Amino acid sequence: MDLFATIFVDGLIYAAWLFIVSVGLTLVFGVLNILNIAHGSLYAIGAYTSASMVGAYFGVGGDAFPWGSYVALIAAAILVALVMGPLLERGLLRFFYGRDEVLNVLVTYAVFLILEDAMKLIWGVNPYYVYEPYTLLGDVELGSLFYVGYDFAVIAIAIVVGLAVWMSLNRTRTGKVVLAVIHDPEMSRTMGVNVPRIYLGAFVAGAFLAALGGAVTAPMISVQPGLGVNVIIVAFAVVIIGGLGSIPGAAIGALMVGISRAASVHLLPEAELFIIYFVMAIVLMFRPEGLFAKTQARKI
Amino acid sequence: MKQTIRTICATLALATGLSAPAMAQDDTFKIGVITFLSGQAAESFGVPAWNGGQLLIDMLNEGGKLPAPYDKPGFGGMKIEAIVVDEAGGATKQVQEFRNLVQREQVDAVVGYVSSSDCLAVPPVADELKAFTILYDCGTPRVFEDNSFEYVFRTAAHATMDNVGLARYLKSRGFEVDSFAGLNQDYAWGQDSWADFTGAMAQLYSDATVKTALFPKFGAGQYGTEISALLREKPALIHSSNWGGDLQSFLLQATARGLHKRTQLALSAGDHVIPQLQDKMPDGIVLGARGVNGLLAKARGGDLQPLTDTLWDSYMERYGVIPVQAPFRMWQGLLGLKMAVEKAMDDNGGKKPTDEELAAAMKGLSWDAPSGRIEMALGGGHQAIQPTAIGVTKWNNETKMMELVDIEYFDARCVNPPEGMKSQDWLAQGFPGAQCD
């Protein structure tokens, strides 16, 4: 396969994974105005939960119908969102709405550290494997290279997630209410919008997307402590490039990071890490608010 | 008033005395063991090492459980008492933990450190405190090539051995390598391993070209792009010193894309993922274990087999899993400490040895371990050399166990530089003084 086609395919696969991980982060920031560092922990909990659930599925005779493991992956993400979303948003974050953004970063960082240790208490330090869903879809031959079919399924999931989030926000009544809350929560409240419910819904959706990222990643890797740290750093780079709070921005940011990283690995491997942050720096030089974030006037 | 002050002072003095750690006693030998109990290195190295350490300490305290000369109880009759400390947290924390062990816990010796950065940070403090210290695991050659220490010893060979052994194996077994590539973690271990491997290959396969050298970040997890690059480059061989979750993830993703069918994989330190991956690890991978450890030791035979079998069987019985490289290195460290303690006691009339006496006894010492004969032959008698071995993975469908076949064993002096020569100089000059008969 042509080098540039290989770079494009590799970049697309990586970008798809990045987008799934990042879109929840940008959604939570857009609605709640919270830069949620604990997003990385929710990703890791999604990976652990899906590893446990898929493992349990095959443990109770799932071999007879292995496709059911995909249902277990999605169910794990839903479970994490329904448990962790309300717990964090209602139990902690709501007390910090309207406070300084830096304080919220510190609060979510504290949550991140607590959850890292909580995961060790629950799942221990030994790795978990759920490779079965990774190989179920077979191989895809592109030119002289083989790809795993699962990688293309991740691209499909990213497209579905992107469209679903965009359509929900822009083509539904609830979405318009959410946009109203983003624009002006106080005015929305006076118009009868249940703002705390919107905040809760948005945070649960963000938690689901983080956990979904972890769940779809689990079959590809050895799930073990420390997963969340690496993810949150690169996810921040993506949403900062795209503009905090912008869904299309997250998509473009993921594509830029994915393809530039793939190009670097193929053409200049020494710069693999550098290139991601170089792209981010270039974007911020010309668009300090990111590619798609709207410039906002300071209120005071 | 004076009476009150005296009473308070007396109470405080009594309380301080009660809360202070027990003074070292002559009938116990207290060691501080530092290894990873959490974090990414815990599952691969730290926990198996400490499991092996606990097992050996229990067996030594009981006495008569190991073959001679290790059949006498404890260390020279003294009961061994261990305090284990988690190595996670970075070098600064470990220096503080080291001071705590020596000054507050008053341990008689410290045995520890998987991380090379900890192995570089702790020795100056050990010498400052005059505290006898054994580095049992870490790989960087720089500890004794760039420095010298009075109270610090490393009982395992440094990492140059792993990659020289790997290159020698390829040559000896007739692998045709006209080109090769590397995928190593982007930190000191990965960079140094790649430098050692390319240095050895330059001598043994002088016509081979390097197709690409990839250094994904530590903990990357996703290797799809790197695997595409390796598939496109079509090197005859891929070298990797990856370990732990990074190695497991790479193998899962690479085998799913058939990388192992198109090129020869050579893993310099990969034996420790066998218990986790089992049949998910493909056949035909050239594999090292940083010494004659794990399956490589089990298959060796010879005079050391009773000692190896003791470790193997007792570890399997207690933990239900095969011992990989980490417990072997812990055993060679603790058995070396036992020999040093008993040698020092022979010299001082049977008293509990001081740090100075221990250091004098350990310098240039040699002893048998399950991984082979350990000789403190480098770094002025402070750095060990040991034999190594390389094999090839093969799944046994009857036993449902991974095996290593086509194993080749290398003498310590064939794969380690001679005394007084730095590893990189030794490689660049074509292994002068190597004894490979």
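Positions of Cβ are set from backbone N, Cα and C atoms, glycine also.
Owing to the predicted nature of the structure, the values given are computational and were not obtained by experimental measurement.
Lifted from TrEMBL, the feature list:
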TRANSMEM  A:12-35  transmembrane segment
TRANSMEM  A:42-61  transmembrane segment
TRANSMEM  A:67-89  transmembrane segment
TRANSMEM  A:101-125  transmembrane segment
TRANSMEM  A:145-166  transmembrane segment
TRANSMEM  A:198-221  transmembrane segment
TRANSMEM  A:227-255  transmembrane segment
TRANSMEM  A:267-286  transmembrane segment
Below 8 Å between Cβ atoms, which of the listed ranges A:12-35, A:42-61, A:101-125, A:198-221, A:227-255 makes the most pairs with the transmembrane segment (A:145-166)?
A:12-35
Which bits of the chain, at least 6 residues beyond where the transmembrane segment (A:101-125) starts or stops, bring a Cβ under 8 A of a Cβ in it?
33-42, 44-45, 48, 52, 88, 92-93, 224-225, 228, 232
For the transmembrane segment (A:42-61), what are the same-chain contacts with Cβ under 8 Å, counting residues 6+ beyond its ends?
21, 24, 68-69, 72-73, 75-77, 79-80, 84, 115-116, 119, 122-123, 128-130, 132-133, 206-207, 210-215, 217-219, 221, 223, 227-228, 231-232
Considering only the recorded stretches A:12-35, A:198-221, A:227-255, state which has the highest number of Cβ pairs under 8 Å to the transmembrane segment (A:67-89).
A:198-221
Residue list, the transmembrane segment (A:12-35) vs rest of chain: Cβ under 8 Å, 6 or more residues beyond ends.
42-43, 93, 96-97, 101, 104-105, 108, 147, 151-152, 154-155, 157-159, 161-162, 165, 178, 181-182, 198-199, 202-203, 205-210, 212-213, 216-217, 231, 234-236, 238-239, 242, 244-247, 249-251, 253-255, 257-259, 261-262
For the transmembrane segment (A:227-255), sequence-distant contacts whose Cβ falls under 8 Å of one of its Cβ atoms, 6 or more beyond its ends:
11-12, 15-16, 18-19, 21-23, 25-27, 29-30, 35, 37, 39-44, 47, 112, 115-116, 162, 165-166, 169, 182, 213-214, 221, 276-277, 279-280, 283-284, 287, 289-294
